[in-house]
């Protein structure tokens, strides 16, 4: 797949009439040098914390035998996904802030475009699978061990990754073949659908329709399933006799729904509703919300507030101290 995008070059151009675009310019965020340094520091800290938070979850799930269950297997894979999702945009954005030319090659631009959307789609599917897991655990606790087996969990995780990465090569390939004969300046900090289509000097309504239809279907089907799962889950919570149990379940469901609303709300504004009336700066802020802030907060909400996860982290830190002292 990597070499498929490395070799991308538009084929429907006449070299004598149309200038061949070999690179794009990513403008990023506007502002003076002091503002750029502030943004660089802010995004660097967020990226490092994302790596540390999600990496800690992966280590805890890997090293603590008590976390070798389907739920934590999903959380570990989700943390791994979040690291790659943030890495598809943040490192290049940090380099772009410090760069004077702010250029990105044609192939690198579409490679980022592919990974950004594939990882985003995979995240939607993971959120749906995790909602299904919580629904089974709370609404059908007696049948949960027999339904959500390790084998089924691995199949669901594999389907998430495969579906996410096999859905976009063809649409993105056709977008890369459009003639980019005008400006090569992208008023964004990453290679996204709308900025790229605005640079094309030939309309491609069918390609746009297929791309946005595919994205919309993934978003709508997953969000509807997530909301349905949590509706049934909350209905079961009301039947819990213990007030403390209800508060705990409500707190868990509420925090999970905050993540879902943050991710899906901003993504739907960007890729389902028309973005022509949204200011460019607001589009960048919305993209930061679901591509940088969401991977940063997800470890705190999904795992680090979990008692079993906290205990596993304490045990890991305790073992590390013992090994250092010995």
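Start at 1 and count along the chain as shown; that gives each residue its number.
In case you wondered, yes, glycine gets a Cβ from its N, Cα and C as well.
Marked as transmembrane segment by TrEMBL: 37-60 (among others).
The domain 'G-protein coupled receptors family 1 profile' annotation in TrEMBL covers 53-302.
The transmembrane segment annotation in TrEMBL covers 72-90 (among others). Counting only same-chain residues 6+ beyond the ends of the transmembrane segment (72-90), those with a CB under 8 A from a CB of the stretch are 43, 46-47, 50-51, 53-55, 57-58, 61-62, 112, 115-116, 119-120, 122-123, 126, 129-130, 133, 150, 153-154, 156-157, 189-190, 291-292, 294-296, 298-299, 302-303, 308-309.
Residues or ranges marked as transmembrane segment in TrEMBL: 110-132 (among others).
Outside the transmembrane segment (152-175), and at least 6 residues removed from its termini, the chain residues within Cβ reach (under 8 Å) are 1, 4-5, 8, 70, 73-74, 77, 110, 113-114, 117-123, 125-126, 129, 132-133, 193, 196-197, 204, 207, 210-211, 214, 218. Positions annotated as transmembrane segment by TrEMBL: 152-175 (among others).
Taking Cβ pairs closer than 8 Å, the transmembrane segment (217-238) reaches residues 121, 124-125, 127-128, 131-132, 134-135, 138-139, 167, 246, 249-250, 253, 256-257, 260, 264, 267-268, 271-272 in its own chain, all 6 or more past its ends. Per TrEMBL, transmembrane segment is recorded for 217-238 (among others).
Summarising the annotation, TrEMBL assigns transmembrane segment to 250-273 (among others).
Taken from TrEMBL, the feature transmembrane segment covers 285-304 (among others).
Using a Cβ-Cβ cut-off under 8 Å and counting only residues 6 or more beyond its ends in the same chain, the transmembrane segment (110-132) has close neighbours at 1-2, 5-6, 8, 74-75, 77-78, 81-82, 84-85, 88-89, 92, 104, 156-157, 159-161, 163-165, 167-169, 172, 175-176, 190-193, 196, 215, 218-219, 222-223, 225-226, 229-230, 256, 259-260, 263-264, 267, 290-291, 302. If you look at the transmembrane segment (37-60), the same-chain residues 6 or more away from its ends with a CB under 8 A from one of its CBs are 29, 31, 67, 75-76, 79-80, 82-83, 86, 90-91, 93-94, 97-98, 292-293, 295-296, 298-300, 303-304, 309, 312-313, 316. Remote same-chain partners of the transmembrane segment (285-304), defined as residues 6 or more beyond its termini with a Cβ less than 8 Å from a stretch Cβ, comprise 43, 46-47, 49-50, 53-54, 56-57, 60, 75, 78-79, 82-83, 85-86, 88-90, 116, 120, 130, 188-190, 192, 255-256, 258-259, 262-263, 266-267, 269-270, 278, 310, 313.
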